[in-house]
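S.K.: Here you go, one structure.
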Amino acid sequence: MKNDPVFWRVVQVALISVSLKVLLFPTSFSTDLHVHRNWKAITYNRPLSHWYTESTSKWTLDYPPMFAYLEYVLSHVLRPFDPSLTRLVVEDVVTDRSVTLLRMSVLLAEVSLMYSVYHILFTLHKHGKLSPSRTHIASVLLLLCPGLTLVDNIHFQYNALPISMLLLTLSHLINDQKHFACITFCVALNLKHTLLPLVPTVSIYLLATLPRETASAIRTLSSLFVVTVATLIVPWLPFCVVGGWQYIGSICSRLFPFDRGLLHANWAPNFWSLYALVDRILLRVFPKASAPLITSGRIGESAPFAHLPNPTPTVCTALIIMSTTLVLLRLFRDPSVENLLTSTAYNLQAAFMFGWHVHEKAALLPLYPLLVAAMVNDDLRFPFFLFSLASQFALFELVRKPAESMFITAHFLAYHAFVAAELPIRSSSKYAVLVYAVGLVFAEAYCGVVGIHRMLFADQLQFLPILFVSVYSSLGVIASFLALVHRFVHLPLESQESAVS
Amino acid sequence: MDESRYAVNTGDSSHHHKASNGSLGRYKVSTWHWKALLFFAIALRAAVAFHPYSGERTPPMYGDYEAQRHWMEITLNLPAKDWYKDTSDNNLSYWGLDYPPLSAYASFATGWFVSLVDPAAVALHDSRGYETQTSRAAMRLSVVVTDLLVFFPSLLACVYVVYKKSKPGSSFSCWCECGSELFRSAAFCLSLPALLLVDHAHFQYNNVSLGLFLAALTCFVKEHDVLGSAFFCAAIYFKHMLMYYALAIFAFLVSRMFRLYKGRGAMAAGLYAAKILATIITISCLIFAPWLMDGELLRGMLVRLFPISRGLYEDKVANVWCSVSVLFKVNRWLAGKSLFLFCAIITLLASLPFCVGVSLQPSPTRLLLATFGCSLSAYLFSFQVHEKQILIPLTPIAALHGRYPVLSTWMSIAAAFSLFPLLLREGSASAYAASIAIHVVTAISTPPKFMGFGGHTRRERQFMQWFVLGNATVAVVLNFVLIFGRPPASAPDIFVLLNTAFAGMHFVLIYVVSVFLVFTA
């Protein structure tokens with residue numbers, strides 16, 4: 001490691017990153033901290049058979065089994081330092097000591113992210129895709145992403161963990177270590193099931209890079225199948241043993257809450273946010289007696305729209321599949337590193353665009369592969385920059401507190417100034433980014449915690465800034481998505497390119 | 001985050017080499033890099049500000065935060081004549097104003113800002129111990145704003161002129177061409193842990209006084225001595241402790257005058273002195289205007305500013321008197337006025353080499369070294385020293401980072417270390433550790449140019465390595481002993497004293513090194 005140019009660069013950035021996150025320990029957290037504390041209490045106090053049925057507190061466990069095991073381990077590690085951490089109670093109570101311990105446990109997830117960042121950057125360096133100095137820049141951009149800091153270290157979640165598994169999967173795929181890739185991907189799925197839309201991408205890449213001869217292809221395929229099924233199923237087995245198929249069914253209904261409605265409380269900045277806006281405008285123009293009330297959130301409404309057709313989960317899934325088919329075909333024909341990264345980013349973005357009940361936090365998943373792809377491929381800088389601005393701005397809605405806002409705004413600006421310095425866009429599309437960024441400044445001035453809206457209306461019309469942020473961000477996200485589509489349509493395949501030249 | 005990009009000392013020799021050549025080759029620092037650095041500096045401040053301030057939730061006296069808030073309350077609600085006077089509205093025994101008038105005016109301005117956000121936070125009488133989320137955020141923001149208005153511009157200007165003076169060409173547009181060295185120095189200065197922790201965690205406005213001082217230095221380097229003296233005066237009238245610099249500045253100005261006398265005759269020299277004196281008098285009159293007419297008021301103010309009755313040192317300080325107090329106590333041996341005189345004489349003697357050095361050759365580097373040396377002598381030997389006053393010597397040496405990276409890093413870390421007992425007491429130990437780590441990663445990015453001779457041979461490098469590693473280990477151990485150790489009942493302060501004495505030892509070492517430097521620079 002002493003002569004590894006990537007390692008020490010990542011270590012330096014990692015030190016800064018950890019220190020910055022330690023500084024954020026006293027920030028104000030959201031209810032998600034209570035959620036995760038409660039999950040630790042559940043897994044500590046209850047037998048396996050009651051993990052997914054326990055409902056003393058309203059924060060019931062709704063993450064896949066691997067995450068439940070992780071909470072189990074963490075609860076046993078942390079309990080000696082503060083027994084009140086694992087009290088199973090109805091109310092949201094937490095001691096200062098518990099908060100510090102929980103914040104520290106997030107740093108453990110962060111360590112896993114650091115390792116995966118090192119891994120993928122080393123791989124890309126080894127394959128000649130990144131120079132040592134570019135890996136340094138990439139590690140800054142990957143480890144000091146304000147969006148992840150906001151969600152993980154202020155708001156409180158463990159997103160660094162699934163993201164690190166995703167990066168490891170990509171790294172193994174590039175390294176052609178198919179079995180490791182399968183294992184890490186299954187772990188990722190078992191940590192965060194919102195990675196499911198990536199299954200076609202990974203499988204198609206695996207298929208496309210199988211050995212040429214049929215015999216060894218079949219051997220590889222079968223061993224991959226065994227490994228995949230094993231890692232995918234094994235975490236579920238204990239639940240099946242203690243509770244039978246019925247228990248598995250109830251876990252699944254927890255994981256996929258289709259009854260929660262299309263839109264999350266804060267509209268995630270995606271296609272449906274614009275769709276909902278159009279519906280609202282139509283409702284203004286053509287009032288309807290039986291229209292659903294306009295509130296900031298519409299959790300659990302199966303039919304939120306008054307004029308436009310109300311989509312079902314099937315429609316959402318169909319939209320995702322339709323928008324990704326061509327890209328997947330392309331990946332099958334040309335399984336290059338660039339194409340793998342771009343398709344991964346694109347497919348996750350498509351899932352974010354059209355998915356059912358998407359959270360704004362889910363935007364972090366496409367952001368990371370898109371960043372890696374933009375580091376490798378200059379053409380993707382424009383969609384990355386736009387997506388990064390829009391999706392991370394939408395996360396500001398999670399912390400509307402003065403001190404936290406100041407920190408995250410400065411961090412956001414520093415990050416994007418650094419992106420502008422290191423990933424400059426050379427085409428005229430940079431003006432589009434500039435215009436969008438200026439718009440963001442106005443949006444923040446209006447919606448911010450000491451913004452114009454709160455000065456004018458105090459606490460009235462609270463939905464207005466939230467709606468404004470989500471719609472403006474969704475414009476950026478959609479533009480970035482279309483830019484990716486445009487790239488896919490206009491770029492010749494590598495094989496064709498070589499044929500022409 | 002951006003400075004880490006320039007952190008090239010990563011163990012691979014090719015990059016190390018490139019860095020010591022001065023330019024980083026293909027790394028070109030664009031204006032976006034500078035913007036990123038500035039925003040990151042703000043984010044760092046905002047992050048440190050999450051940690052507790054001095055005296056948070058500790059009635060009845062609270063701490064420095066409450067002092068600043070109380071001054072805002074007093075200056076905002078009372079006429080200037082009553083600011084330093086004990087009246088029914090102004091109880092001087094409760095955090096009475098004991099800073100000079102410019103500081104009081106600044107309190108007025110920040111108080112006005114805070115009252116915009118939360119009027120109750122600065123209401124007369126009723127706001128004592130007022131601590132809400134909003135008012136806290138407004139107070140914290142006001143420090144960041146003063147940073148942006150005063151400290152950042154003057155710091156960048158000073159680092160720039162000091163750096164530029166040793167390179168040809170002086171157009172201001174070449175900020176970017178100066179490249180990564182200048183950028184690194186700026187990153188270093190913007191992340192000084194001692195300053196960050198005192199201003200943004202503990203809560204004070206040192207950034208304003210030090211910013212004014214840096215502006216003065218910039219003017220002196222650019223040979224605008226009249227403007228420089230005006231700024232220096234303003235700095236002293238913001239925080240009179242900045243008089244620690246006065247000897248060095250005085251020696252520098254006298255030396256410049258003497259050169260004028262030799263070059264262009266007595267007329268030019270006399271005019272020069274007259275201009276500077278006139279400036280000082282004008283500035284003083286302007287700032288003291290509300291109190292000038294009334295001798296009684298003026299005397300009352302001066303008594304408040306110089307509390308000779310308060311003792312040799314406050315708490316445990318990393319200066320010589322406090323460090324040697326284990327062996328023998330100076331304040332038992334001498335008392336009152338004679339102790340004060342004794343301290344003054346020792347301080348003068350310790351400052352003398354620097355004054356001589358800067359008089360012999362009033363160059364920018366020597367000016368900065370002399371201000372550093374004189375203020376360090378004052379910190380080490382003078383009367384009534386607070387632990388936070390280490391920021392005064394720290395500032396000029398940090399601005400010299402471009403020339404003496406190792407010395408200024410050493411000083412910066414030692415200064416932060418000397419503040420540890422204070423920060424631990426206030427509950428910001430994690431902020432201390434984290435901000436030092438961020439700073440160190442920035443600092444190790446610079447190649448060792450220790451005193452102009454270090455790091456050339458293998459043995460010197462090895463010595464440096466062992467020196468740094470050994471001292472860092474001792475420092476960490478001492479910090480942990482202070483956190484977890486239980487002192488014997490006979491000496492309850494022994495661990496604090498060990499920490500400060502260790503820092504004091506380093507300050508003495510740094511003092512010796514800088515005496516050597518001021519004659520060779």
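Each residue's number is its place along the chain shown, starting with 1.
Just so you know, glycine gets a Cβ as well, placed from its N, Cα and C.
Pasting the relevant annotations from TrEMBL:
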type	residues	note
REGION	B:1-21	region 'Disordered'
TRANSMEM	B:36-53	transmembrane segment
TRANSMEM	B:102-125	transmembrane segment
TRANSMEM	B:137-162	transmembrane segment
TRANSMEM	B:243-261	transmembrane segment
TRANSMEM	B:273-293	transmembrane segment
TRANSMEM	B:339-360	transmembrane segment
TRANSMEM	B:367-386	transmembrane segment
TRANSMEM	B:406-424	transmembrane segment
TRANSMEM	B:463-484	transmembrane segment
TRANSMEM	B:496-519	transmembrane segment
S.K.: Sequence gap of 6 or more, Cβ distance under 8 Å, 3 or more pairs: do the transmembrane segment (B:137-162) and the transmembrane segment (B:36-53) meet that?
M.R.: yes
S.K.: Which sequence positions outside the transmembrane segment (B:339-360), separated from its termini by at least 6 residues, show Cβ-Cβ distances below 8 Å to it?
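M.R.: Contacts of the transmembrane segment (B:339-360) (Cβ under 8 Å, skipping residues fewer than 6 from its ends): 247-248, 250-252, 254-255, 258, 308, 312, 321, 330-331, 366-367, 369-370, 372-374, 377-378, 380-383, 511, 514-515, 518-519.
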S.K.: Do any residues of this chain, six or more beyond the ends of the transmembrane segment (B:273-293), have a C-beta under 8 angstroms from a C-beta of it, and if so which?
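M.R.: Cβ under 8 Å, 6 or more out: 80-81, 84, 100-102, 105, 225-226, 229-230, 233-234, 237, 253, 257, 301.
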S.K.: Grab the same-chain neighbours of the transmembrane segment (B:406-424) for me: Cβ-Cβ under 8 Å, and only residues 6 or more beyond its ends, written as numbers and ranges.
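M.R.: Cβ under 8 Å, 6 or more out: 188, 192-194, 197-198, 201-202, 315-318, 387-388, 390-391, 393-394, 397-398, 400, 431-432, 435-436, 439-440, 443, 446, 448-451, 454, 464, 475, 479, 482-483, 496, 499-500, 502-504, 506-507, 510, 513-514, 517.
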